[in-house]
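Asks: Dropping a structure here in structure tokens format, bear with me for questions.
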Amino acid sequence: MRGRTMSVIKMTDLELAGKRVFIRADLNVPVKDGKVTSDARILASLPTIKRCLEAGAKVMVTSHLGRPTEGEYNEEFSLAPVVNYLNDALDCDVKLAKDYLDGIELNAGELVVLENVRFNKGEKKNDEALSKKYAALCDIFVMDAFGTAHRAQASTHGVGMNAAIACAGPLLANELEALGKAMDNPARPLVAIVGGSKVSTKLTVLESLSKIADQLVVGGGIANTFIAAEGHNVGKSLYEADLVETAKKLMKDCAIPVATDVACAKAFDENAEAVIKHVSEVQDDDMIFDLGPDSTAVLAEIISNAKTILWNGPVGVFEFKNFEAGTAGIAKAIADSEGFSVAGGGDTLAAIDKFGIKADVSYISTGGGAFLEFVEGKVLPAVAMLEERAKA
């Protein structure tokens, strides 16, 4: 997948009028007391749905929601709250179809939401018979859920292999374009920022990025392992002694600026006082929770000179006010940068919201696991399927 332009059919290039269009969206939103509590994913999918309706297509949209027992209907995981939301957002009569696998009737310009795909036996295993039933419902299959593109399931992969036409929806196409721009042929220097608690969970990401980034910035618990690799005491900080040698190797392969000063405390507590120390002064009972001001300034300078920025993970315990300065400084530098920036991952999005820089990031990825697997250089099954169908 790396180093080449992905060739897929785009929904925006197709004639949709009168066609039965099956959209696999990501409408996996939090629901409380029958109401959608965070509508970000629905909002992201609305332009695709509207475009199909305005073109006069017969529109079906579906998604998973939560983790119900497969093959069993469970009202707690119904897409009914999403249907209610769409009724208001689109100002039209949106129906919910529970039993649709043997066919469904709808008119041009009409929208039907097909109930949670995980209520169908065989969804997760990419069952061939189920995939063919989905495919029989439509003339055009639209894959628009980047967040599930790394899973080969019946509604993300199998249906596309069997549908008459399989294409990428606008949301997915934009995502692939932005990630491709950041990783396949980036304007340089490319600066990658990887935060998080453990090197082990991000090891393949770090190894992959060390090969393409001009500077690889590490933060959070990951940074502590690199500080230890430079021979410094990290006290009681979260770090992985067994990966110190791996960190040393990564530092040989790529420019990784390691913190020179850090914010420490004696306990993991929101009200703990942040004490700024040079890395050589960290004591046995200290815990490192953030970058110090000097290190943050150095990284901000590196980011300001970048032409491409890839951000995944905060650089400190930004949820605590006393340990948010490092992540806030990184966020501000990205916001002020004139380079092309892509950010992804749950904690990263929370940091973007907290520091109010959403409008200043060039592209915010909607996929957690899919974003990481793309960055690792892995082939995403749904994307591979779209590429294969584009050749046919």
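Every residue, even glycine, has its Cβ placed from backbone N, Cα and C.
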Asks: In Swiss-Prot, the substrate site includes Asp26, Leu27, Asn28, Arg41, His64, Leu65, Gly66, Arg67, Arg151. Which of Arg20, Arg51, Arg118 does it also list there?
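Replies: Substrate site check in Swiss-Prot: besides Asp26, Leu27, Asn28, Arg41, His64, Leu65, Gly66, Arg67, Arg151, the record includes Arg118 out of Arg20, Arg51, Arg118.
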Asks: Per Swiss-Prot, which of Glu175, Glu177, Glu319 sits in the ATP site along with Lys202, Gly345, Gly346, Asp347, Thr348?
Replies: Glu319
Asks: Going along the chain, which residues six or more apart from Glu319 (ATP binding site) have their CB under 8 A from its CB?
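Replies: The list for Glu319 (ATP binding site) reads Glu270, given in order along the sequence.
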Asks: Residues with Cβ closer than 8 Å to the Cβ of Arg118 (substrate binding site), same chain and 6+ apart in sequence?
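Replies: Looking at Cβ-Cβ distances below 8 Å from Arg118 (substrate binding site), excluding near sequence neighbours, one finds His64, Leu65, Gly66, Arg67, Pro68, Glu70, Phe77, Lys124.
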Asks: For Gly346 (ATP binding site), which DSSP three-state class applies?
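Replies: Note: Gly346 (ATP binding site) is helical by DSSP.
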Asks: Between the Cα atoms of Asp347 (ATP binding site) and Asn28 (substrate binding site), what distance do you get, rounded to the nearest Å?
Replies: 18
Asks: If you count other Cβ atoms within 10 Å of each one's Cβ, which of the binding-site residues Gly66, Gly345, Gly346 has the most?
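Replies: That would be Gly345, with the highest Cβ count within 10 Å.
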